[in-house]
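Participant: Positions annotated as domain 'C2' by TrEMBL: 1-98, 241-362, 405-536, 952-1077, 1124-1250, 1498-1616, 1739-1888. TrEMBL lists 655-699, 1264-1283, 1316-1341, 1382-1427 with the feature region 'Disordered'. Summarising the annotation, TrEMBL assigns compositional bias 'Polar residues' to 1264-1275. Positions annotated as compositional bias 'Basic and acidic residues' by TrEMBL: 1384-1427. Annotation comment: TrEMBL describes 1985-2007 as transmembrane segment.
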């Protein structure tokens, strides 16, 4: 519904100016745009639309005001136009022009013209005026109360008096006929969904309408569709007076859990710095771990594994920072220098797929200088495992892919690889409402000394982000501190740390504690889309919650203030803002360090956060029941607080300054500036002295029953109301309310769909389509509602950006929903459901508003002035709006609120008991909108006001008195419960149910010792009085609470779980009959804390007792069972229809029974019980000697419901028969669902080949050949009905040409064929492409061993996994594309789905890489040599083959109390006391004759024909252990010394002496033989222990295998079937029985015809014909005829044999997780192994296969350094300043730095040329298969023994400048991977930097294939800008020899014998200094400086002359003068 006003023009205005108009309706105003410089006419031409929730009343007003607009002063009013809407309401459309009136109500000349439209929902514009009231469409209920003053239609506000809810004398009409409108009361909210009821017929019947429609349609609807068994029990929320209660009773966060973080540091590359000794430090939280140090290398290889264990709450865990840093030359004495760091938080890792990053490169940056860029990369794996997560190790991509660092950075999907530096500014302005943080005693002391009263808190703010902290200054003694400071963080953007923590703390020397904490999730305040925005927030107030406000020195709830768990009280609010600025690191004036620093900021204005408004909170307590009896003796009151308003006990810490109190508002704690907002003019008279009434009067509780009390409110319901002042930021809450409502609707719909699928009802796809339809309309509705552009004050940048992005997301979501809706088909429901679940998460994410406004409301139960229990209600849930969608979901509704204990007390069983249950009505809105606050209360009350004077109509009532009350009878049909929690030590419970309704409660009888009680009991509650109007109660009865308890003989009954239900209500005048009555039994989920703990099957009906009394109610059949006394059974129409079933039980045996009460179990028996009937097994006479039963099959008959979903569970109990006829319960097991054991006779008519066809299609999908259709002629040689399977002799099918022809019902051909000559061609082609290098052909048989087979198989497994993943990704993408294509109308910028774009980018990269590979890729990936393969399973065999329970099932027996764990899916290992092996089979009687008439049918065995005997049997068990991976470290050094322990029965093999030193990935390669006797010894334990020199060895982890199930399985798990049959070599057949014998035996057991071997290599089994080769070679190479290959072909395709076929286990290796009982649920590593079993009564098997680890082969690498060239010159000459270098070359193999070798020095090279002719010799051990060098060395001097390392084969060569006195200078280096390195250049000129930089693109060679290489290679180093530069070239020759070859031709080191190298020819300058100093002086000095020297000499002579002259002149003068 909407009212639209089109404002056209305003004419005859005076003067000239800017004009603006304001249009108001129902208190909501819109402003027009400003028209500038208008003269006499203003043409606005603007439309305004009000979406309205209720009919417009004829006497409502529309008001338009026209102003002269001024930017500076207030706008001056020109005139007003008011209009009553009576005419509009009648006609729906009206055009008006009229004059305006001024302030004095006199008309002025100015006229206005407007057009008004009014659209109602149903199109009926005409609304009933007073005369026509008799046609009120009534809502299908008897009476109808009409209120003029309905939902929104107050008289215009200026009228001053708003008549509360006075009923204007309109009589209450009864109406005989049913009305037209189904859900519409006058003035009740009518949701918009009925507009779209088209399209899918039954689909859209959403739960709300079902009941109503059902009534209207009589009985047309199938009753099945009516009771959609509710998932949370109360999904069908029919009306609008009550809101749904929340069933989960425990705060989810805050409880500590186990986490394990494993980090593997593999290697580092491109570290910046010269010749460094790097160490990697991994730091998580406070813990640090270091790798070992690698010497002088920039690309160290570590491969070290670290594990960190934590036991903390999830929030704390995910906020911890993982910091990886590289430190250069750290040792014991000095801490080393930091090269660079990388940080991310644990949460980021946890949100990754599989919770891990695998083989990714972390990019290091320098925190002290952000201008420097990347400092190197560390390749690592990081995984976070919580309890119950299982880790999948992803398959390793090929090494080449991983070396592409840029494409594999350690960053989440969607984060750009180039991250920039950014500044994060967190501005802290001020805080309000802080609590006291000091005792009053201290205050009094201070007052005595100082003489003034101070505020008792010294607050400062601490901000934490990305592992750094910043603090503001401390504001001494202030409850309202003002800081105006900002904390600045410098961090990479986007940051990999998601939350920013802001904490107000109290500064105190002794006790510095948190006052409150708030977390800001950066993902919520930013958006990474193309139209996204940087993180921004505020300025906005954030509310902080924590412990209660009264100060105690040791606060028991202090954790809450630290932000752990749900706060139980308001603590303070803080005004902050956040901004991010991306830095330009090139600019000069930037601060380069990342230190946190503080700066002052300017104050912000009051209005920046929004206009202060007065809010009004009203609440009414309709009922307070279920009050815990511990509290029941003292009077109780309830207190409601919002912020500090209403808090009377400890709320008001008034600032010492604010002495002025407001009259009335005693609790207010505003600063003076805010006092102005006290009361605006209009309301002054309303609020005369409206004081708040925040708590109910104390009242003494009354007993309900032995556990609970209730408060006797009866007809008088106490009320509370509070006035409070907050910034008006309702828009934020409105938007998130709209989204929340959409999400709730969606969730409810999806629950329905899941329920329909689960219960296998019809048409889930229709319901899903309905859900999507609704989603898309609500999304578009959101866009229209949110789009009302309101320039409210205080809108922040985040508000604007969020609005934009929410609208974009919602629009695109609506589009996608439309598209998906068209794709929902019968078969795609499940996939689409998954997609839609993503929408749900998205919606919930968007709805969470990061900027708070109004604090949450707390309800506290107070007894004896102490706070006992609380409930916290988000303020947005009760916020009022005139637009229905924006209204909070609980606003103006009655909500059941459960109070719980605060803080840690609320965890665990203590916290699960309800402290009190309130039925409560709450309303929060602006004080202006207050007239509507009673709108949603159940009707029929009068207000009771605390009158203080005359005429105060607006004072809210202090209580409501109900004068209407209805009397009902409640019938609770309690049928049964199942899968309850085991509360007794016996492992069972003695359950009874307690049903609460209103103030009544009743209990069912106690059924002892069961987890699946069938009470079959009707509880009748008589004379239940409910207040309110009957019709509302019918649609919306109160909820029923059902609690289940375990009865204990001593003490109080123990709580098991709780659930809620809504009864079906019948009013007096309704007929008791279909479709609504009698009610159906439904399953209600029982919760215990947050965990589901079973189901209750029950039905509830509420029947109104009319004037005729109870006699008029439908009769109750009296007690039929004489033995049950007065207990009433569930009546016939409600209890399920039963039929007769027979249940057969196969008793096989009992295993692993533990002791009971310290005594061993000796003579056990099994009792089976189902629905009161049962059977007992034979007694086992001596459990130790033989734990199997003598009688195998027994049966019993029982009556069970027709509906399989209602079948009761079947209970298995094991008792031990002791002397004197005593029985002791050993353990029990409840089989909750019998569906999998129901036997359905085979359908003879069905096509037998359906199965085969499916298989053949499977082959089609596998192959890459297309299917050619065969000519239709049928091959004559096969009789019709045979199937041909042709296996070519080629075993590993890489390329298959599959021909599949499936015709009619008779004949199917499956030909799996590999074309031989085609394959040859392929090979030739490949050879040609290869050009120069020819790969070796077929590998030599003698070279191959078991490991070749193993590695080849692993490769295949990886390829398959990759292919699977690729296919999956492709399918997903295809779906995305389809969606995108169909919703092409989505605008380009609306990102269709999160993260699609970045994906595409990485794809491009990949594809270019692939192209590269294809050009020269032939060289990189040689065609695979043909090796026979086995199957490598990357999981246990059990998970692949259904735990081998194909006919023998294992049932765990439990005893003891169940643990309270969050995840009930984790099996409680300690409760398992043994296992029962057997099986069940149930079928309806009578059974068809054919089965029993079959040949050889043994009537004693019933349905369990042809099962083996269970006599003891001797077996040889052979266990092969290959290797273990990722073991959990057990020693301090972060390593372990693992060895194998195997236990089976009494045998215990400890392979202790063969422990493997310091290895977390040990290769064992051993086999063990054990002889065992089944059934006594059938549980095999393989454990890995850690060897310790002193003390006991620790268990690392173990795995258990049930050998018996494997042995007897039809999958034949005794010895895997190899892919090929050979009699010698590495692939020799291991089974003592040959394939032909195995086949013959299988045919005989399965009563099959065959095998018939025919000529030409074919064999026929049943009606299948298989083809295959018939020849075999023995050792000597002779070929013999054999049938084994044929038989093997059949065995490998056994699953295709009709009737008895199943997959036989192939030769395999399984990977089993190792678990440790101390760390349940967390993997401690994995072990690869397999087990063979051979019965001892057949010929013994051959010797075990040798799988001992390959010994590394000894090689010698000889490297001759011939020359260097262009080496950079480092030294300056002392005399001449000439550049030169004293060059030498150093070399070593990676991992052997200590064996490094140096050439001699080539002194004084002036050109960078050096001549050496020097030989290095490096001996090493090499594993060809793994391409790794094996090194054994002691880790340190203290190590006990050597550790083995495997390291890639890399040769490092370095060039140095030798110095005599200082350290040598490093010039450059090159590292060559000996497996693939670029070919050396032919000459020095051709040798360039590209050989290093573009290594990937150049052809590479392997020294292991080439043996000898010579060439030039570049030396490189990094310059100041971290770019690589060429620093020299080296000519070297590499020569690889095996140890034997090296022994035959030895060589000397350097230039020594044998085979010495000639001396290099070096220029004579190089050694001149020593030989002939003069010559060298001449050479150097004269050569360069001769002119200088000559000039100097001339000058010297001149000076000498002058000197002599001066010296001799006095003498001469004297002589001359004296005339001598």
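Residue numbers in this text run from 1 along the chain shown.
Glycine residues also receive a Cβ, built from the backbone N, Cα and C atoms like all the rest.
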Participant: Test the contact criterion for the domain 'C2' (241-362) and the domain 'C2' (952-1077): 3 or more CB pairs under 8 Å, pairs 6 or more apart in sequence, then answer yes or no.
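Facilitator: With 3 or more qualifying Cβ pairs, these stretches touch.
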Participant: Compare 405-536, 1124-1250, 1498-1616 by their Cβ pairs under 8 Å to the domain 'C2' (952-1077) and return the stretch that comes out on top.
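Facilitator: The stretch with the most contacts is 1124-1250.
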Participant: How many of the residues that make up the domain 'C2' (241-362) does DSSP mark as helix, as strand and as coil?
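Facilitator: DSSP classes over the domain 'C2' (241-362) add up to 14 helix, 62 strand, 46 coil.
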Participant: What is the three-state DSSP composition of the domain 'C2' (1124-1250), stated as helix, strand and coil residue counts?
Facilitator: 11 helix, 57 strand, 59 coil
Participant: For the domain 'C2' (1739-1888), what does DSSP give as the number of helix, strand and coil residues?
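Facilitator: Breakdown, helix to coil: 3 helix, 78 strand, 69 coil.
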Participant: Looking at the domain 'C2' (405-536) alone, can you tell me the average pLDDT?
Facilitator: 84
Participant: What is the three-state DSSP composition of the domain 'C2' (952-1077), stated as helix, strand and coil residue counts?
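Facilitator: So the counts come to 6 helix, 61 strand, 59 coil.
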